[in-house]
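Student: Once you've had a glance at the structure underneath, I'll fire off some questions.
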Amino acid sequence: MSVHVLSVEVSVIKQFYALTKPRVIQLIVFCALIGMVLAVPGLPTWAELQLALLACLGIWLVAGAAAAFNCVVEKSIDAKMKRTAWRPTARGELADWQTLLFSAVLCAAGSILLYFWVNPLTMWLTFATFIGYAVVYTVILKPLTPQNIVIGGASGAMPPVLGWAAMAGDVGPEALILFLIIFLWTPPHFWALALYRVEDYRKSGLPMLPVTHGNEFTRLMVLLYTFILFAACLMPYVYGMSSWLYLIAAVVLNLGFCLYAFYLWRDYSDLLARKTFRFSLIHLSLLFAALLLDHYLL
């Protein structure tokens, strides 16, 4: 095999890998892992570790399938936006049939793995999440309503529920609390992004909130949602899922998020919107990391 042929094959593999939106999937699997950990009291057994690994792989495959499907549907939109113009589908480097076939293979492989080696409930919940994101959100909600992020956020909030179901075989109230936290976190996270990327969204024709309702209204919504999110993030402590370690982390992180949102509402700048968006990622990651530490240390 020539060096040129090998180089082309590696390039194609990288293109298919990019379709799965690796950074997004890392956060999805991390959130699913939190659900798995909290569903198991104490340290997991070797069998439980194996089950968790299989569940993570299955969820990763189906989530990657949903991301690839999204790339096909939104290729013309992606091509108009600086943030997404690099995607292989937007650049025309991969044909639609190739991407759809790739998506179907990933979805089938992940679903089979979850059904036979984890449990049927997790498979059906994961497949429902695939439909929720790939079809309900991407095809129906996103191009039609500025509330796309709010309603469509349900599919993005599912990972801890999937993780819990994988280990416990059911969906407990603890999993629903984690779902609620991510569900309420999603709008201010994406609206902060949309604020400083508003021209991209305007060119794309997507009815994001800053485009349809303006900058000032969107900033107010970001602020209000961070207040509601603050209350939701206290629920693991109130319900008895965690102790003082998580409580302290939740209070500090949510105060930080609320402060960013307040300053953004009071005196807007693209730089501050970008910082708010980045902090939202830190917020969720550290919040769940604190929940994980609390579970094992206290």
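Just so it is clear, glycine is given a Cβ too, placed from its N, Cα and C backbone atoms.
This is the feature table in Swiss-Prot:
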type: TRANSMEM; residues: 24-44; note: transmembrane segment
type: TRANSMEM; residues: 49-69; note: transmembrane segment
type: TRANSMEM; residues: 100-120; note: transmembrane segment
type: TRANSMEM; residues: 121-141; note: transmembrane segment
type: TRANSMEM; residues: 149-169; note: transmembrane segment
type: TRANSMEM; residues: 175-195; note: transmembrane segment
type: TRANSMEM; residues: 220-240; note: transmembrane segment
type: TRANSMEM; residues: 244-264; note: transmembrane segment
type: TRANSMEM; residues: 277-297; note: transmembrane segment
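Neighbours and distances for these, please.
Tutor: Beyond the ends of the transmembrane segment (49-69), by six or more residues, the same chain brings 16, 19-21, 24-25, 28-29, 32-33, 36, 99-100, 102-107, 109-111, 113-114, 117-118, 122-123, 126-127, 129-130, 133-134, 138, 159, 162-163, 166-167 to within a C-beta distance below 8 angstroms of the stretch.
Counting only same-chain residues 6+ beyond the ends of the transmembrane segment (121-141), those with a CB under 8 A from a CB of the stretch are 55, 58-59, 62-63, 65-66, 69-70, 73-74, 107, 110-111, 114-115, 147-148, 151-152, 154-156, 158, 161-162, 165-166, 169-171.
Within its own chain, the transmembrane segment (149-169) has Cβ neighbours under 8 Å at 28-29, 31-40, 48, 51-52, 55, 59, 114, 118-119, 121-122, 125-126, 129, 132-133, 136-137, 141-142, 175-176, 178-183, 186-187, 190-191, 208-209, counting only residues six or more beyond its boundaries.
Below 8 angstroms of C-beta separation, residues 27, 30-31, 34, 37-38, 43, 181-182, 185, 188-189, 192-193, 196, 233, 236, 241-243, 245-246, 249-250, 253-254, 256-257, 260 of the same chain, each at least six residues beyond the ends of the transmembrane segment (277-297), sit close to that stretch.
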Student: Considering only the recorded stretches 100-120, 175-195, 244-264, state which has the highest number of Cβ pairs under 8 Å to the transmembrane segment (24-44).
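Tutor: Of the candidates 100-120, 175-195, 244-264, 175-195 scores highest.
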Student: Could you pull out which residues elsewhere in the chain have a CB under 8 Å from any CB of the transmembrane segment (220-240), counting only those six or more residues past its ends?
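Tutor: Counting only partners 6 or more residues beyond its ends, the transmembrane segment (220-240) has Cβ contacts under 8 Å with 173-174, 177-178, 180-181, 184-185, 187-188, 191-192, 195, 209, 246-247, 250-251, 253-255, 257-258, 260-262, 264-265, 276, 287, 291.
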Student: Against which stretches of its own chain does the transmembrane segment (100-120) lie, if we need a Cβ under 8 Å and a gap of at least six residues from its ends?
Tutor: 16, 19-20, 51, 54-55, 57-62, 64-66, 68-69, 72, 126-127, 130, 165-166, 169
Student: Residue list, the transmembrane segment (244-264) vs rest of chain: Cβ under 8 Å, 6 or more residues beyond ends.
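Tutor: Result: 188, 192, 195, 219, 222-223, 225-227, 229-230, 233-234, 236-237, 272-273, 275-276, 279-280, 283, 286-287, 290-291, 293-294, 297-298.
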